[in-house]
Amino acid sequence: MTPLLELKDIRRSYPAGDEQVEVLKGISLDIYAGEMVAIVGASGSGKSTLMNILGCLDKATSGTYRVAGQDVATLDADALAQLRREHFGFIFQRYHLLSHLTAEQNVEVPAVYAGLERKQRLLRAQELLQRLGLEDRTEYYPAQLSGGQQQRVSIARALMNGGQVILADEPTGALDSHSGEEVMAILHQLRDRGHTVIIVTHDPQVAAQAERVIEIRDGEIVRNPPAVEKVNATGGTEPVVNTASGWRQFVSGFNEALTMAWRALAANKMRTLLTMLGIIIGIASVVSIVVVGDAAKQMVLADIRSIGTNTIDVYPGKDFGDDDPQYQQALKYDDLIAIQKQPWVASATPAVSQNLRLRYNNVDVAASANGVSGDYFNVYGMTFSEGNTFNQEQLNGRAQVVVLDSNTRRQLFPHKADVVGEVILVGNMPARVIGVAEEKQSMFGSSKVLRVWLPYSTMSGRVMGQSWLNSITVRVKEGFDSAEAEQQLTRLLSLRHGKKDFFTWNMDGVLKTVEKTTRTLQLFLTLVAVISLVVGGIGVMNIMLVSVTERTREIGIRMAVGARASDVLQQFLIEAVLVCLVGGALGITLSLLIAFTLQLFLPGWEIGFSPLALLLAFLCSTVTGILFGWLPARNAARLDPVDALARE
């Protein structure tokens, strides 16, 4: 008969300083299906090392070990995990149940890694617990169970995937005599059902219940009686549970890892919250700076647009401050007409200005009088609280009419409800008030100078007696490039004048400069916020490293029941990502509260959250979890099952 487990000249040595200590010395052993074998020996004899090699938790230094004819030396880590999952069931002296899982959930764990669907897992776990007399303890946690009950849960877990070979390491060592007898009775029942049962013990009474007792001393087998053929043995076991397809196994494993991650977070609420705090602050900082910074930028740009955007101002001279008399009369009315005919011009308004005295009854104030066209107010985004602007007839007839700003109206007519139609003196010229213009409130503040506007024809002909213009403001049509329009305007006037005796000021260039400046500032602040997010990520990595250390035994248990390294990696990586995602969601909520609070104190600001900003925030959370969770998850996946199980 072919042995189920076959060991030939197995040796296992461990480094001890500069030397190698040999624990197993040429072990040769055959174990047949359906046997109940006891391996006995004193502490340090090598029996636990032999059990680890039998259960594929450890590899021999040399020699050959075959399971059902398969040489385990040819298998990689994932194949060994599959072998443990499908052929072996472990029963440990200290039970090794996961404390945060119920009895039922502990029994389900091996089937999770086999890819069995949840409904089937649940039914099989309940069936096994019922068979072992624990049907009324399925929802109990390990701390709520007695030692004997915990060991029965451990046995049920060993049988979850079939348990063709049951490896029991001191199964009664931590139990009282009555519970120990119950456990041994269960092992006998399993033997009768066709399971191969291997008991590692130093208790002679337990060993005596086995059909064959193998004694090991100082790493060598000193007693190995031949296997006894059983007349009624069937040589089989209950069928192994059917594993699901690769896709279902992946989905089941992912869902279980997600569930386990959530349970781990819930089990340490305060630590989880403190871990999330760095992510919450980081995400809230990034989102708030992006959103509030964008609102501030739009506010600044709106103020600049209120001054007049997409406009080009033309002034006489070489540059600001140039008062050379030869350039003062450079701009003429003919230039204005020529500019208005250009296809890229939406409107062109001249400006003639002079500081004059305004008088009404006994009120006498200084003001800046500006001669403009009717388009001037549209160009600069001004509205009228009373009356209206000049019409073409008033421009052509040099009408003695005037538009006041709100400050001038308040100074001249503090108690009048309606000032349209009133007559004031502008310099020495009487003028009828036809409107009151309201300038947009700007975060840059308002000028202290009182301002009035007259038709440019009136200002130049009746007030100043000059035939030239102080400036021309050109509004470029939508769709035309402002910089190109500025170049064409410069060429036009240079050809007309025969020289360049003027200069231009493009407000669109100012707008672009401000946009660039605000973007740079916003980027700088975002980078500062990202630093806080990185600090939060480092905090997550630190806590996850601590978590891996604390849960080393749990990792060993999972590997013993069939978890692959990739399963462990996935679980801890998902846990890190989940911490960051929940922290990210709370961070976004905090940034919303910050934004709404700011809006209460800054009603003029339009603070809005774009879906892209929220998506980027969640993306940042996910990337942070992956980046800073990778190292702890990798460390967990690289743990040796034997070392992990030995940790306290």
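Just so it is clear, glycine is given a Cβ too, placed from its N, Cα and C backbone atoms.
Marked as ATP binding site by Swiss-Prot on the basis of sequence analysis: GLY41, ALA42, SER43, GLY44, SER45, GLY46, LYS47, SER48. In sequence order, HIS202 are the residues near SER43 (ATP binding site), counting only same-chain partners six or more apart with C-beta under 8 A. Secondary structure from DSSP puts SER43 (ATP binding site) in coil.
Annotated domain 'ABC transporter' per Swiss-Prot: 5-243, in sequence order.
What Swiss-Prot lists as transmembrane segment is 273-293 (among others).
Sequence annotations record features per position, and here Swiss-Prot assigns transmembrane segment to 523-543 (among others) based on sequence analysis.
Among the features that Swiss-Prot reports, transmembrane segment is placed at 576-596 (among others). Long-range Cβ contacts of the transmembrane segment (576-596) within its own chain (Cβ-Cβ under 8 Å, at least 6 residues beyond either end) map to 258, 261-262, 265, 272, 275-284, 287-288, 291-292, 536-537, 540-541, 544, 607, 609, 614, 617-618, 620-622, 624-626, 628-630, 632-633.
If you look at the transmembrane segment (611-631), the same-chain residues 6 or more away from its ends with a CB under 8 A from one of its CBs are 279, 282-283, 286-287, 290-291, 533-534, 536-538, 540-541, 544-545, 572-573, 575-581, 583-585, 587-588, 591. The transmembrane segment feature in Swiss-Prot is assigned to 611-631 (among others); the stated evidence is sequence analysis.
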Can you tell which of GLY41, GLY44, GLY46, LYS47, SER48 has the least company, meaning the fewest other C-beta atoms within 10 angstroms of its C-beta, among these binding-site residues? GLY44
Inside 8 A of the center formed by the CB atoms of GLY41, ALA42, SER43, GLY44, SER45, GLY46, LYS47, SER48, which other residues of the chain have their CB, for the recorded ATP site? HIS202, ILE216, ARG217
What parts of the chain pack near the transmembrane segment (523-543), using Cβ distances under 8 Å and only residues at least 6 beyond its ends? 271, 275, 277-283, 285-286, 288-290, 293, 576, 579-580, 583, 620, 624-625, 627-629, 631-632
Apart from its near flanks, which chain residues at least 6 from the ends of the transmembrane segment (273-293) lie with a Cβ under 8 angstroms of it? 518, 521-522, 525-526, 528-530, 532-540, 543, 579-580, 582-584, 586-588, 590-591, 594-595, 598, 607-609, 613-614, 617, 620-621, 624
In the structure shown, with every protein chain counted, which of the binding-site residues ALA42, SER45 has the densest set of Cβ atoms within 10 angstroms of its Cβ? SER45
